[in-house]
Amino acid sequence: MNTDATRPLPPHVHALVALCVLNHVALSGSRVALALQALRLGVPSVGLALMLAPFALASTLAALPLGRWVDRVGARVPALAGMATTTIGLAAAAWRPQVAVLTLAAALVGLGYTASLIALQGELARDRDERTRQSGFAGFAIGTAASGGFGPFLAGQCIARTGVQAAFGALALVSFAAWCGGMANSRRLIATRTAAPGARAALFSRATFAGLGGLRRLMLADLLMAFAWNANGFVAPLVGQRHGWPADTVGNLLGCFGAAVMLVRALPDSLRARGGDWRVIARALAISGGALALLPLASGALGPYVFEALFGGGLGCALPSVLALIEQRTPPGRRAEVLGLRQAVLGLGAATLPTALGALVAATGLVGALLGLGGALLAAGATIAPRGNAQSAGIVARIRASRSATPPGTS
């Protein structure tokens, strides 16, 4: 006999997670392929940054309008249009991998991925069964961790064996496969609007957003964790240079970080989320902040790997809880708009990270910069997350009270 704990997930949840993974393979692989091709063309570092910027700028500028679009028309059209846009961008890069076309391709891929991600995440959050919803979030987190490594691996292997055009072509086929999967499952992707009828004002006016204290704290915590995640790619080479580590050691450290992320996301929900989602975020901030602050002091054969594993494990456990809390705190009919806001905030953080971190390292040195960032994570874990946990407990209590007060047969 199947119970809530043992019954299999509905097929549409697996399909949605698979679509998210395929789209992320195309995105992560295209970033690496574009960077390698730009360097082969002799593009300087400043030009390379400008060519890669559209990936993040698409999320920053378009995510919130895209979220509102999804709320108005449903997930089907935005998801399929996003996958088609990604495929067109990658096909253009495969056709003519020159600077202008590659820059346009980066914009198309970033825009298409953002649209499909918001639509598909919203569908994962739409399931009324809490266990199914949590398992969908966990599957999404594990899948994106795996695809974040497989995409660059696929691009690198294709470039090494058959050239950059074949790499972009293979990634275009991956994106096209996602589009085909979306078409096959389009009946599962709702086509009706989800925004509240007659709602005219944008959700995130100053007055409205000021009243969503828990959501603001969640976005701030999420931004700090994303900033630390992205900073690791810059920090590990700098720490390696400081200690005189060879390039393969730095690569192994980043691989250890990725393995820790995969491992912690594969833990059962009952173990990973023990104590509530806000407590998971508090632990993630505290563990990752401490590991980041102590990373420059690591020495010996195992010390750096221990701190990178703690760093990856701390950050990796938080994503399912972030998505669950977004679903809990989203006003009715505005789910995709909130997800769009999250993508805009994360895109802004990714776009400003290199300048901000470089200025911090120049002003305080590497150790000072890592102590500052680690301290910010620790402070957030000690202040932001516990307040959110208390507020979540109040929300749950009110929901239970309202349910107990509802007369039988009126629900």
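The backbone N, Cα and C atoms fix where each Cβ goes, glycine too.
Sequence annotations record features per position, and here TrEMBL assigns transmembrane segment to 45-65, 77-95, 101-124, 136-155, 167-186, 207-229, 249-268, 280-299, 366-385.
A contact links the transmembrane segment (45-65) to the transmembrane segment (101-124), because at least 3 Cβ pairs that are 6 or more residues apart lie under 8 A. Taking Cβ pairs closer than 8 Å, the transmembrane segment (136-155) reaches residues 9, 13-14, 16-18, 20-22, 24-33, 36, 121, 124-125, 127, 167, 170-171, 174, 258, 261-262, 265-266, 269, 272, 316, 319-320, 323-324 in its own chain, all 6 or more past its ends. With pairs at least 6 apart in sequence, the transmembrane segment (366-385) and the transmembrane segment (77-95) have fewer than 3 Cβ pairs within the 8 Å limit; the two do not touch.
Within its own chain, the transmembrane segment (101-124) is flanked in space by residues 13, 16-17, 19-20, 23-24, 26-27, 30, 34, 37-38, 50-59, 62-63, 66-67, 70, 75-76, 78-79, 81-90, 92-93, 95, 133, 136-137, 140, 168, 175, 178, 182, 188-190, 194, 323, 335-336, 339-340, 343, 347, which lie at least six positions past its ends and keep a Cβ under 8 Å from the stretch. Through the fold, the transmembrane segment (280-299) approaches residues 218, 221, 224-225, 228, 231-232, 235, 239, 242-243, 272-273, 306-308, 310-311, 313-315, 317-318, 321-322, 325, 366-367, 370-371, 373-378, 380-382, 384-386, 388-389 of its own chain, all at least 6 residues removed from its boundaries and within a Cβ separation under 8 Å.
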